Amino acid sequence: MSEPESSVANNDGESTQAPQLAELTLKNVLGDIVNGVHFIIFDPLGNRFVVPVIILLTSIITKVIITKVPYTEIDFVTYMQQIQLVNQGEIDYAEISGDTGPIVYPAGFVQIYQWLYSQTNGGADIATGQSIFGYLMTATVVFVCVAYTMSPTTKPWVLFLLLGSKRLYSIYVLRLFNDCFTTAAMVGVTVFLQQGSYWYSTSSFISFLFAIVGADLFSIAISIKMNALLYLPAVVIIAYFLVGENILLFAIVLAIVPLVQILVGWKFLLPLFDDEAASQIRWNYINNAFNFGRKFLFKWTVNWRFIGEETFLSDKFSILLMGGHIVVLLFFIFTRFLNSKVTGKSIWQLIKDAFKPSSTISSNNKLIDYNVGPKLILLILATTNVIGVLFSRSLHYQFLSWYCWQLPFLLHSTGWNFIVCLVLWGAHEWTWNVYPSTVASSLVLVGILSSVLVGTWRNEAVWFEENNVVDDEKKNE
């Protein structure tokens, strides 16, 4: 005999059938578990639950590592020795050095580490320094999650990869490298430029303000470590469109970058003095902090071990890398970043419009479309940076922090199968945990970075589609 169906009365007094609950069986319970797991791995709507978990786990993991894993001194003592000299009044970069060498970073680095100097009792209180870097890593993850979820089709598994790098935790809380602050600043730049894209349709002036703040923070990133310059082409392109292709507003945004450099480096640049001593101090600052000809030691390279030391140290190899960087970057710029399907107009029209004083941006420009613009901005910044990383003269172990935050998103942007992406992520992590690097590890690293860039370029859907429909991506799960 079947169970009678229950009924309830609605507001009009009419009887309606109550919804039937699924029968409590092992099969149904297992089905719910499978659906839940699928939701928090593949469904973009799951990000609202996954993001808080990612942030919480990052905070917990950093604290556990600080407690359980011994700190390793590499450069922090040297940083503190250099800062001590600055605090004592030394402003000549030629006279500022520590145990592992002279100061080689701009004035933003000095100001940040002066603050760390004050918080850690001159570097003696390492535990406090580690805690600060732990909070920095957690804050960086917060903003990375914001940047990722500004793209509505980012799947949760991409966010989970942010937890997966052993080397990255080491760079932050066991080494205390200044690269971490540059990375945090550039993640901030990404979010501000994404916000400029999102709000453009509401107010172009708000978008302009976000571009200003982004340029300010970009210059601060450069003042900490000049690897942030790798982003320059992307920042310039994005800023140009966020001000509506208005050349006058664009000039204002660009002017922010050198202005901030002057203000941050004021006491080392001595702009109000023109005597011989001031000129020498100014030159020493510029030459040490922004030395593009710096030589790297072969024993520390992570990416070029397979080419041999003689080739690595040769000027021809350096020129080859520079040429490759320029060619690949221009290829991406003209075939993807400035493609008419993105900008709404041809390259030739863009050039002609650039000489007009008023706004000339196309209404079809995807970079100012709140639906897809934030995703494209992250994509352009990430690919530009990773191209620079691929052709870097050398990658040292702390340099992983330059781009590790972007790799999960780029893997997702290739459109490759989920399992393939996980395997590549694992292989990439392996290359950074082999010490010292080997021929095999460096070959795999260069191969993965090259493959990800090729895969991202080939996936036209991620660049040109009006809206990425989640259902269309299920075949890649």
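Glycine too: its Cβ is placed from the backbone N, Cα and C atoms.
Residues annotated as topological domain 'Lumenal' in Swiss-Prot: 1-48, 153-172, 271-316, 393-406, 455-477. What Swiss-Prot records for 70-131, 194-203, 244-247, 338-371, 428-433 is topological domain 'Cytoplasmic'. Swiss-Prot lists 49-69, 132-152, 173-193, 204-224, 226-243, 248-270, 317-337, 372-392, 407-427, 434-454 with the feature transmembrane segment, giving sequence analysis as the kind of evidence.
Within the chain carrying the topological domain 'Cytoplasmic' (194-203), a Cβ under 8 angstroms from the stretch's Cβ atoms is held by residues 147, 150, 209-211, 214, 242, 244, 367-370, 373-374, 376-378, all 6 or more beyond its ends. Within its own chain, the transmembrane segment (173-193) is flanked in space by residues 62, 65-66, 69-72, 74-76, 79, 105, 109, 112-113, 129-130, 133-134, 136-137, 139-140, 143-144, 146-147, 150, 210-211, 213-214, 217-218, 220-221, 224-225, 227-228, 231, 235, 238-239, 242, 377-378, 381, 385, 398-399, 401-402, 405, which lie at least six positions past its ends and keep a Cβ under 8 Å from the stretch.
Mean pLDDT, taken over the topological domain 'Cytoplasmic' (194-203), works out to 97 on the 0 to 100 scale. Secondary structure of the topological domain 'Cytoplasmic' (70-131), assigned with DSSP and counted as helix (H, G, I), strand (E, B) and coil, comes to 34 helix, 4 strand, 24 coil. 49-69 is the stretch from 49-69, 204-224, 226-243, 407-427 with the greatest number of Cβ pairs below 8 Å to the transmembrane segment (132-152). Residue counts for the topological domain 'Lumenal' (271-316) under DSSP, split into helix (H, G, I), strand (E, B) and coil, are 27 helix, 0 strand, 19 coil.
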